[in-house]
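Features as listed in TrEMBL:
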- Asp204: active site, proton donor/acceptor (ACT_SITE)
- Glu18, Asn154, Asp204: divalent metal cation binding site (BINDING)
- Arg101, Asn103, Glu121: substrate binding site (BINDING)
- 16-264: domain 'SMP-30/Gluconolactonase/LRE-like region' (DOMAIN)
Amino acid sequence: MASIKIECVAKENCKIGESPVWDAKENSLLYVDITGRKVCKWSSLTQQVQVIPVDAPVSSIALRKSGDYVITLGTRFAALKWKDQLVTTIAHVDKDKPNNRFNDGKVDPAGRYFAGTMAEEIRPAVLERQQGSLYTLLADHSVVKHFDRVDISNGLDWSLDHKTFFYIDSLSYSVDAFDYDLQTGKIGNRRSMYKLEKEESIPDGMCIDTEGKLWVACYDGGRVIRLDPETGKRLQTVKLPVDKTTSCCFGGKDYSEMYVTSASEGMDKDWLSRQPQAGGIFKV
């Protein structure tokens with residue numbers, strides 16, 4: 001990486017921008033604003049943002065093979081028809097926990113939608129602990145629960161050979177690895193792959209690059225770090241002009257751009273005046 005250029009491409013000032021997903025068909029970046037309750041689409045061609053408001057916290061978005069999208073909305077997996085702005089419930093989880101909501105989610109290489117839950121925050125990263133679980137939505141719309149006692153279910157991705165599932169429960173300050181069975185979607189043998197340093201703060205969303213290295217957004221750490229899952233070592237740090245970096249993904253014409261979402265929730269006027277781009281979407 002010779003020179004790194006960082007620009008704020010969408011100055012939406014999301015409360016909690018999250019779940020960036022590149023839609024190659026549309027040359028667009030999809031993302032959500034969780035507590036702002038909106039699904040957004042930034043076009044790399046027009047530089048414009050389209051917004052669809054929804055009726056509950058919306059925490060992740062995924063591309064659907066048939067076109068359109070699936071989102072995690074409150075404690076529901078739901079289908080989103082973009083042109084009609086129509087949301088329909090697919091499945092409901094955590095019905096016994098009215099204070100819960102989904103957080104980060106992502107589709108595995110076989111098309112299953114993994115997403116986890118957490119209790120609603122009292123303020124950023126402060127919440128009733130161990131209320132969340134990790135789920136998978138299958139193509140037949142059935143839901144599998146993998147485990148519970150999760151604090152803040154967060155970043156997730158799969159190794160390039162699809163044999164390892166990477167996962168973050170934020171308040172463990174750890175990036176974990178599981179053995180992964182692509183045929184069945186089962187996970188097992190959990191272990192910590194990387195423990196965050198103090199200045200890196202809280203691990204949030206993550207993605208994987210073409211070399212099989214992980215990129216983790218550090219909430220309150222103002223950075224994205226690149227990790228080697230083989231050695232558990234940090235290889236690189238990219239600092240951003242905002243503290244609350246939340247997630248990242250690759251996109252653009254040849255996927256050579258990294259898009260990083262951020263949050264502004266929980267920042268006072270003084271803090272926001274120092275970081276006017278908080279809640280924006282950055283292209284690296």
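Glycine too: its Cβ is placed from the backbone N, Cα and C atoms.
Positions of the features from TrEMBL, shown on the structure.
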residue : record                             : Cβ neighbours (10 Å)
Glu18   : divalent metal cation binding site : 26
Arg101  : substrate binding site             : 23
Asn103  : substrate binding site             : 27
Glu121  : substrate binding site             : 18
Asn154  : divalent metal cation binding site : 31
Asp204  : active site, proton donor/acceptor : 29
>> Same chain, not part of Arg101, Asn103, Glu121: whose C-beta falls within 8 angstroms of the C-beta centre of the substrate site? Give them in sequence order.
In response: Ile34, Pro57, Ser59, Asn100, Phe102, Thr117, Met118, Ala119, Glu120, Leu127, Ile152
> Hey, how far is Glu121 (substrate binding site) from Glu18 (divalent metal cation binding site), Cα to Cα, in Å?
Replying inline: 16
> Apart from Glu18, Asn154, Asp204, which residues in this chain have a Cβ no more than 8 Å from the mean position of the Cβ atoms of those residues at the divalent metal cation site?
Replying inline: Ser19, Asn103, Asp104, Ile152, Gly155, Ile168, Ser170, Gly205, Ala217, Tyr219, Thr246, Ser247
> In angstrom units, rounded to an integer, how far apart are the Cα atoms of Glu18 (divalent metal cation binding site) and Arg101 (substrate binding site)?
Replying inline: 14
> In whole Å, how far is Asn154 (divalent metal cation binding site) from Arg101 (substrate binding site) when you measure between their Cα atoms?
Replying inline: 12
> In Å, how large is the greatest distance between any two Cα atoms among Arg101, Asn103, Glu121, the listed binders of substrate?
Replying inline: 11
>> To the nearest Å, how far is the Cα of the residue listed as 'active site, proton donor/acceptor' from the Cα of Asn154 (divalent metal cation binding site)?
In response: 6
> Do you know offhand how many angstrom separate Asn154 (divalent metal cation binding site) and Asn103 (substrate binding site) by C-alpha?
Replying inline: 6
